[in-house]
């Protein structure tokens, strides 16, 4: 099942639990605006190349729209639509005054030089500059983009609208980026895990963790778990996988990865098959990479008691049902990986105020926001007698529906 179908399914279930009016139900699903633009740029060799760029703005009932921009050869409108919708519910769950958006350009950033990437980014910004903005739509980095991409968008946008650091988040620190932003999603995952384990009277000490994906989110999550006394017994990314039943030395693994650009040949553990990390013997499984990695083929073999969804949509609905029958507790993506967008919100707030925070304040506020959201989800689970995924979805959908009605959508 693709990301859009799965997100729609979760929305339909939440709407049914909440007893949403059918007209409101339909209105919440339809995106506010879909933008599609042509980006033609000169290559370094003088030839011209054209790409399609788009931005899906899903909902603005609770505030400006917020979401990443990805550069990927298979930027699929359906997937971007699902991710924009997911951002609407995610920002509502985290209690941030935003709606959801997502965008991208169908290019392969690995095949473009830095100057070509800059030209593509600037042309894309020229085409959409009057449809984004501090109080309209605030982009952020995503797959294939980074803080440098955001710096180019900021510069190009500022040519039309004056210096506007709050128009994008995930910027370099020197241009108004927030301290703590880089580690935010990984740290948020660890806070979420801590609150969930707390509910069961458990802590990180002596718990075994398996982490699938060792990019930004996975490596930060592994570092914080290691610091808190948790045992990371298996780690994988696209380059390889490592296991050690006594716990992997995460700082050593990070050094090895930095040097070798791969997890292969790490001396502090044994190599294993990439796909086996998901079904490895552990207490907590944290998928941090791609969507759909837990499916009906492997769900029955999962040995973890808890799954923390650090990736977007890592569990297929079929796997969801198999895992819940097995008694596995799943902390859903729209809550578990919301640390990144929460600190993006803090960055936006700091830029608007022109007053930057210390990293300790950023992390303190992140923990406070995530704790409040966790308590709100628990309250919804209690009210509607549902699992954590439906608790989070009913919370998010209810907040957006309420804001939509209060603003007088039928007038």
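Even glycines carry a Cβ here, placed using N, Cα and C.
Annotation comment: TrEMBL describes 102 as active site, proton donor. Feature annotation from TrEMBL assigns substrate binding site to 66, 90, 344. Per TrEMBL, the feature NAD(+) binding site maps to 185, 216. The feature site 'Important for catalysis' is assigned by TrEMBL to 142.
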Rounded Cα separation (Å) that holds between residue 102 (active site, proton donor) and residue 66 (substrate binding site): 7
Cα-to-Cα gap, residue 185 (NAD(+) binding site) vs residue 344 (substrate binding site), nearest whole Å: 10
List of residues, in chain order, with Cβ under 8 A from that of residue 142 (site 'Important for catalysis') and at least 6 apart: 67, 68, 69, 70, 102, 104
Extent of the substrate binding site in Å [max Cα distance among 66, 90, 344]: 13
Cα separation, residue 66 (substrate binding site) to residue 216 (NAD(+) binding site) (Å, whole number): 20
Substrate site, defined by 66, 90, 344: further same-chain residues with Cβ within 8 Å of the Cβ centre: 67, 87, 91, 94, 96, 98, 100, 140, 338, 340, 341, 342, 345
Around the Cβ of residue 90 (substrate binding site), the count of other Cβ atoms that are within 10 Å: 28
Among 185, 216, the most crowded of the binding-site residues [Cβ within 10 Å]: 185
